Amino acid sequence: MSEIRRDIIIGRSIIIASNRAKRPKNFKNKDEIKGSNDCPFCNGFREDILLEVIDQNPSSIEGKNSWRVRVVDNKFPTLKSTGKLTEYNHGFFQKMNGIGQAEVLIESMKHNSSLGSNSLDHTIGIITALKLRYEQLAKDNRLKYIQIFKNFGAKAGASLEHPHWQIIGIPIVPLMVKEELEGVNKYYKQHHNCVYCDMIRYELADNQRVIKENEFFIAINPYASRYPFETWIIPRTHQHNFSDISKKEINALAIILRDMIKSFEVGFKDLSYNILLRTAPLALKNQQGYHWHLQILPRLNIQAGFELATAIFVNPVPPELATEELKGIGII
């Protein structure tokens with residue numbers, strides 16, 4: 001039987017089509033992405049190093065023979081970093097010049113490494129470097145939002161095989177973020193509490209969609225999941241901005257993120273996925289309604305005409321079943 005579920009935050013409708021449910025082994029995951037002998041992310045190729053993590057110690061020193069994590073300028077940036085931000089009228093329309101910041105975090109010297117097989121220290125180094133670059137870009141007063149994300153596999157939009165993240169600072173607040181802010185603020189006015197904090201309490205009590213938890217974080221398959229096995233990792237303490245994360249919380253996030261990705265790597269062959277950071281716009285300080293979190297989106301099915309026309313996602317795997325499957329893999 002199918003259900004139409006409502007996302008409590010932005011009101012988005014999701015069709016859970018359980019009659020079309022597929023187990024992990026039934027999805028086709030094969031990617032067409034190919035590696036390259038001239039990989040731009042392998043050791044010794046890049047000179048524009050912004051930050052290196054060597055044994056967890058961030059350093060701006062270049063020329064190291066060994067490194068764990070490296071952040072560099074994006075060689076093919078979406079937006080250019082130099083210039084003054086200017087808005088224009090273009091006849092009937094409006095536009096602004098393409099000012100922003102675009103960086104790449106290279107996860108490892110190893111071309112075929114994976115987030116799920118990294119050591120805990122290595123994963124801590126990745127998250128630490130992401131936070132440091134977020135804080136640095138936040139100082140640019142031209143920027144209004146910083147988006148951190150990881151594309152892994154061709155179906156997730158990755159063009160290079162070497163594992164990496166992207167950090168992009170933009171001069172606007174994305175519409176999706178505005179919609180989410182409207183939703184959380186509406187909930188806060190009605191209930192005088194953060195919707196994510198209330199969601200955490202409910203999910204822990206209900207215990208149908210909780211995949212993993214520790215002292216600082218909880219991983220769930222959200223009630224109105226858009227994608228099969230969609231997973232959110234949410235801080236248990238109310239924090240509106242990613243930069244609020246402490247060292248202890250980075251360690252706890254590294255454990256739960258690595259274990260989740262390892263579960264996907266073991267349970268699904270050749271899986272493509274996206275990891276998205278959802279955080280508050282830079283101008284928002286002490287936002288009581290918003291709550292930053294990570295979203296892991298396995299790309300196991302394709303959005304077709306209905307989804308594109310209506311923005312209503314059809315998910316063939318109920319999140320309750322997804323939680324059972326992920327726990328059954330044995331990594332969690």
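Along the chain as shown, the residues are counted starting at 1.
Placed from the backbone N, Cα and C atoms, the Cβ positions cover glycine too.
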Residue among H90, H111, H122 sharing the Zn(2+) site, where TrEMBL lists C39, C42, H162 as binders:
H111
How big is the Cα-to-Cα gap, in Å, between H111 (Zn(2+) binding site) and H164 (active site, tele-UMP-histidine intermediate)?
10
Which has the fewest other Cβ atoms within 10 Å: H111, H162, H164, the recorded positions listed?
H111
For the domain 'HIT' (195-306), what's the model's average pLDDT?
95
Out of C39, C42, which of the binding-site residues has the smallest number of neighbouring Cβ atoms within 10 Å?
C39
Where H111 (Zn(2+) binding site) sits in the secondary structure, as DSSP reduces it to three classes:
coil
Using DSSP, tally how many residues of the domain 'HIT' (195-306) sit in helix, strand and coil.
38 helix, 25 strand, 49 coil
Going by DSSP, is H164 (active site, tele-UMP-histidine intermediate) part of a helix, a strand, or coil?
strand
